[in-house]
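Enquirer: Below is a structure I'd like to ask you about.
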Amino acid sequence: MQKLIIHGGKPLEGSINISGAKNAVLPIMAASILTNKLHITNVPKLTDVSTMKDLLQNHGACIRIIEHTDALEIIINTTNINKFTADYEIVRKMRASIWVLGPLLTKYGKAKVSLPGGCAIGARQVDLHIAVLKSMGAEIEIEDGYINASSKGRLKGTHFVFDKVSVGATINAILAAVLANGETVLFNCGREPEIVDLCYCLIKMGADILGVGSSTITIKGKDCLNETSYKVLSDRIEAGTYMFAAAITKGDVKICGIDYNIIENIALKLIETGIKVVQINNGVQVTYAGMLNSVDLETNPYPGFATDLQAQFMSLMSLSRGVSMITENIFENRFMHVPELCRMGADIVVRGNKAVVRGVEMLKGAEVMASDLRASVSLILAGLSTNSKTVLHRIYHLDRGFQDLEKKLSNCGADIKRV
């Protein structure tokens, strides 16, 4: 099994180009079911993208992939969809697989989707997905680990209030509503940039969507959607990760190819710690300015601080001056990186959904193991900060969400290699 070997202690200097957003391209790929042909560009080279490709092909889609140096171009033809079951063997690899549920159900009136997998962080229940689809007239049962859904005729427009903000359920609801009969109004929706990007793609396909980027989205269902091409937005989570990498290594890095508006909350949090962050053309420049102060953090739905950056921020706070309190409000069981950081000398105590982080002068290299995607990269950041060797095991998690990570870091001076 592959592992990463990191010799830390080298400030990162240079520039990093940000790849397409995984959390945008996956629902956009699922949206291809709603039309006959979808041409997607700026697609990141990730195993999760390959898994979604396999899933769509399993349903009968014909997919052509054109590989470029920094991205993929994917052309999806869904005119021959002929299978409506998303099998466990594919779905278990990635929880985003559940996003084929809404499109299959709204276009074909039936779908059978295995309960999803992905990172082992919390229950991530599908109750809200099911509730909103039922409100559109779907008949749904869970049997033998599968969501069995059907509808008599077209789904119907509905008014639905999400009990809590859910990115996944918001996406499934939008994907179902664009072909439903009548008007759907969704309240307490997720506002994440990736949801906005999906909506822009659907609008380009001919969907009628109002309130994009707000907590209330109104959708007037269409009989069909058009073929189109679409460029996926850049990945704010990848950008934030490299911003923290620059800070933790006391470096100076330009993060390029990202809209500042979608990473401003990350930039402001870094500035609060004493790191210098300057908006530049097409990105930001992050520079260590001689100090790193402890600050508290709470994860919340966008525009709050992303849960997908919590682990990386914790690595940074492990070396800060003072004590910080990190509160995880999105997922339970998302502190699995803490024992591994403590193996590297971090002083962290977990109390329920809170972690108390007391900054130490230096972390030390160790053999550590990744438990999930974001935890794995937090350990890489920790390893880059040390003056010794770190070995990271179970790095297959990384390939789900970070394209060319070793190359991008190495180009900025990091000593990191995969063996």
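Even glycines carry a Cβ here, placed using N, Cα and C.
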Enquirer: So Swiss-Prot lists Arg95, Lys164, Val165, Ser166, Val167, Asp308 for UDP-N-acetyl-alpha-D-glucosamine; which of Ile140, Ile142, Ile330 goes with them?
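Expert: The one candidate that Swiss-Prot places in that UDP-N-acetyl-alpha-D-glucosamine site: Ile330.
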Enquirer: Can you tell me how far the Cα of Asp308 (UDP-N-acetyl-alpha-D-glucosamine binding site) sits from the Cα of Lys22 (phosphoenolpyruvate binding site), in Å?
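Expert: Cα-Cα distance, Asp308 (UDP-N-acetyl-alpha-D-glucosamine binding site) to Lys22 (phosphoenolpyruvate binding site): 12 Å.
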Enquirer: Whole-number Å distance between the CA of Val167 (UDP-N-acetyl-alpha-D-glucosamine binding site) and the CA of Asn23 (phosphoenolpyruvate binding site)?
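Expert: Cα-Cα, rounded: 10 Å.
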Enquirer: Provide the number of Cβ atoms within 10 Å of the Cβ of Ser166 (UDP-N-acetyl-alpha-D-glucosamine binding site), excluding the reference atom itself.
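Expert: So the Cβ neighbour count for Ser166 (UDP-N-acetyl-alpha-D-glucosamine binding site) comes to 23.
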Enquirer: Going along the chain, which residues six or more apart from Lys22 (phosphoenolpyruvate binding site) have their CB under 8 A from its CB?
Expert: Pro44, Leu46, Asp48, Val49, Asp235, Ile237, Arg400, Gly401
